[in-house]
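Q: Here you go, one structure.
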Amino acid sequence: MIEVVDGQRKLSECKRIVVKIGSSLLTANGQGLDLDAISHWAKQIADLHNAGHEIILVSSGAVAEGMVRMKLASRPTDLPSLQACAAIGQMGLIHTWSSVLENHSIRAAQVLLTHDDLADRRRYLNSCDALQNLIDWRVIPVINENDTVSTDEIRFGDNDTLAAMVAGQVHADLLIILTDQQGMFDSDPRHNPDAKLLSTVRATDDVLFEMAGGGGVLGRGGMVTKVRAARLAAKSGCPTLIASGESDNVLSRVMAGEMLGTLFTTDKDRMTAHQQWLAAHLQTAGRLVIDDGAVEAIKLKHRSLLPVGVKTVEGHFDRGDVVECVDKQGKRVAVGRVNFSSRSAEIIKGLSSDKVYQVLGEARSLEMIHRDHMAIY
C-alpha cells in the first residue's frame, strides 16, 4: 500500500513502473508527432531510468501520425483503415522514441502485442520472458497494440487497457497513465465548474464509472477507459496514478511525492503468475451465470465453483478453456479454466455434487472451476 506522509505520496520505492502516454501529449494538435514534446518526455523518463527505476513505456500516437502522413482530415472509423494508419504511423513513432532516448544513451525496443498474445499461455510466457530480458538489459520497451493484425475479437481496444495488462504481466509496482486531464473528478469538470479533483480513490469503487466522461478526437480512451484500466491493474495488486501530462516535469514530481493527479489504490494482494494470466483474458471461450450463493463462496470464502451454483451456460467451450463467471446482473465475478465442456456443463448445472457422478457416469472433478485455476474480480 502506498502511504501518504506529510502531504506527500511515498512513490520513490516503486521500482518497476509502467508509463502510458496518450496521443494528445505526443502530437502537435493533430499535426503529427511533436518532436519537442517527445524529447521532453524522454528527458523525464531518462531521469527516472538513471535513478534506478525500471520503466516500461506504453505509447499512443501511431494512428495519429499515420493520419498526418496520409493527409487524412479525420480519424478512420473502419478497422482496415485504422490498421493501415497504425502501420504507417508506427514507423515514425518507434523511430522517434528510439532517437530521443538514444540522446540519453538509452536503448529502446519495439514491442507490439494483441490480446490474443496474452490469452495464449505459451505466447504470454514468451512475452513475459522477452520483457524481463529487456528490463534486465536496461532497455526501455516501447509497447503498443499491434493494430495491423488485430481484429475486433482480439483487440485491447485502447492503450489504457493494454498498459494495465502489461502492468500485471511484468509485476509492476505502479502504473502511471498520463493524459490531458488533471485526474479523476467527482463530476465532469467540463460541465460542472465546481467539480473537485479526487486525490485518492479505491480502484474497486463502482461509483467511479458514474463520474467518468468521454474521450478526445485522436485517442480511443476517455476517463471511463482509464478507470477500467486502473481497476484491471488493481486486480494484479498494482496501484494506478492518473495525472495530467501537461504539468511541468510531472513524472519527476509525482515520483518525488507531490500530490498530483488521482491515485487508484488496491486492497488486493498480488495475484499468482497463473492467476494474472487468467485475468489477462478480456475475451473468454464462454460464460457461466452463477447464483448469489456461488458469488459469495467465490468472492468472500475463495471457494471453488461447484455445478450446483451454475444457473446458465453460454457459449461453446471445451474442458480446460478459460471462461468467465458472472452474477445474475452480468457483472464479472471471476475467470477460470473450466473442468467440463459446455455440453457437460449444461447437463450438470444446478446439480449437487453427489448427482454429478450419477448423471455423467464417470469419476472426474466435482468442481466446475477449481479455486487454484481461478482469478477473482
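Cβ coordinates come from backbone N, Cα and C, glycine included.
The shown structure was predicted, so the numbers you read here are calculated from the model rather than taken from an experiment.
Straight from Swiss-Prot, here's the annotation block:
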type	residues	note
BINDING	LYS20, THR179, ASP180	ATP binding site
BINDING	SER60, ASP147, ASN159	substrate binding site
DOMAIN	285-363	domain 'PUA'
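Help me picture where these features are in the structure shown.
A: Cβ contacts within 10 Å of SER60 (substrate binding site), excluding its own Cβ and spanning all protein chains shown: 27.
The average pLDDT computed over the domain 'PUA' (285-363) stands at 93.
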Q: Taking only the Cα atoms, work out how far ASP147 (substrate binding site) lies from THR179 (ATP binding site), in Å, as a whole number.
A: 21
Q: Give the distance between the Cα atoms of ASP180 (ATP binding site) and SER60 (substrate binding site), rounded to the nearest whole Å.
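A: SER60 (substrate binding site) has its Cα 13 Å from the Cα of ASP180 (ATP binding site).
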Q: Just checking, which of ASP147, ASP180 (binding-site residues) has the fewest C-beta atoms within 10 Å of its C-beta?
A: ASP180
Q: Please report how many Å separate the Cα atom of THR179 (ATP binding site) from that of SER60 (substrate binding site), as a whole number.
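A: Checking the Cα atoms of THR179 (ATP binding site) and SER60 (substrate binding site) gives a distance of 11 Å.
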